[in-house]
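Engineer: For reference, the structure I am asking about is given below.
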Amino acid sequence: MLYSLVKKYLFSLDAEDAHEKVCKILRMLSSSPFLCNLIDSQWGYKNPKLENEILGLHFPNPLGLAAGFDKNASMLRALTAFGFGYLEAGTLTNEAQMGNERPRLFRHIEEESLQNAMGFNNYGAVLGARSFKRFAPYKTPIGINLGKNKHIEQAHALEDYKAVLNQCLNIGDYYTFNLSSPNTPNLRDLQNKAFVHELFCMAKEMTHKPLFLKIAPDLETDDMLEIVNSAIEAGAHGIIATNTTIDKSLVFAPKEMGGLSGKCLTKKSREIFKELAKAFFNKTILVSVGGISGAKEAYERIKMGASLLQIYSAFIYNGPNLCQNILKDLVKLLQKDGFLSVKEAIGADLR
């Protein structure tokens, strides 16, 4: 009831203005352990059936917040209090950049979806790392999503990813290389097996922390499988599928620029993930994101082979009790099917 009133006000504002107001509050809350604990007591949820050890990291539950919400790693402590099992900060770039011109964030309310053309706006890796350290350590694993600066030419992309990773080596529990945002010109062209192989070979030399590749939902299946295979062969520990889509047919009134996320992406993301899991389940860690807004969809992705999940748009539309609701219902679904833990359910449809 309370969030419905807050949501009505926020949705009366420009989407990015509303996001900035929420972020300001979350940054303030992050500075108060007392308030964070109060939030956790209200909206957190803990159940040993949902815990899992993955790549040496302890996840209280499989539900994470996707990159893009906390671009500068400045409100992580508050966000952990809303029931997430982990968070992904960023996207951080080596140098600060403003991103694309506003307006660049839009709601498609009927479809419970968002369209963003943000363009990796962030304060840069140095300030991002400083923000991260301010309230560390955190209660859950934190990933750092890394991107390429817009002004960097393709020929120097590898050097740019090396530079941003180097700035972030002493923060975060894992790293995600973002080659799949549609909002940086030609970035998706880097989704090819040669560049991906070079990228992960380079990163493996720099860190022992887990490395992930985030892929687009608009790749042809054969291309996607080839790119993922190249990443795994070069040392990637996991794949995050998927980023936003440029398929404008999924909403009634799309804007010209930007990628779509939310419920409009559910079917497309699920289909891509199904192909990914058929080929690579048990060969790497698979993370499913895109159009997950309830326990049923979350459970389906887990049974399809997802060790971890991420949400974003659903958090905007459903509010602070979303994680708690999904996780409570997920436990019921596990119990109904006789699973003693979420770990047992991972990939059940493939066995």
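Each Cβ is built from the backbone N, Cα and C atoms, and glycine gets one as well.
Not my notes, these are from Swiss-Prot:
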ACT_SITE  S181  active site, nucleophile
BINDING   A67, G68, F69, D70, K71, T91, N145, N178, K214, T242, G262, G291, Y312, S313  FMN binding site
BINDING   K71, N116, A117, M118, G119, F120, N178, N183, N243, T244  substrate binding site
Engineer: Taking Cα-Cα distance, which of the recorded positions A117, N178, S181, N243 are within 10 Å of K214 (FMN binding site)?
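Structural biologist: Cα within 10 Å of K214 (FMN binding site): N178, S181, N243.
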Engineer: Take the C-alpha atoms of A117 (substrate binding site) and S181 (active site, nucleophile) and report the distance between them in angstrom, rounded.
Structural biologist: 9
Engineer: In whole Å, could you give the widest CA to CA gap in the substrate site formed by K71, N116, A117, M118, G119, F120, N178, N183, N243, T244?
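Structural biologist: The span, Cα to Cα at its widest, is 16 Å.
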Engineer: At a 10 A cut-off on CB-CB distances, which of the binding-site residues K71, K214 has the highest count?
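Structural biologist: Buried the deepest by this measure is K214.
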Engineer: May I ask which residues of the same chain, at least 6 positions away in sequence, place their Cβ under 8 angstroms from the Cβ of Y312 (FMN binding site)?
Structural biologist: L65, A66, G68, F69, L114, S261, V289
Engineer: In Å, rounded, how far does the Cα of G119 (substrate binding site) sit from the Cα of S181 (active site, nucleophile)?
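Structural biologist: That comes out at 8 Å between the alpha carbons.
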Engineer: Which chain-mates of A67 (FMN binding site) that are at least 6 residues away have a CB under 8 A from its CB, listed by sequence?
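Structural biologist: Expected: E88, A89, G90, T91, G143, N145, T176, N178, K214.
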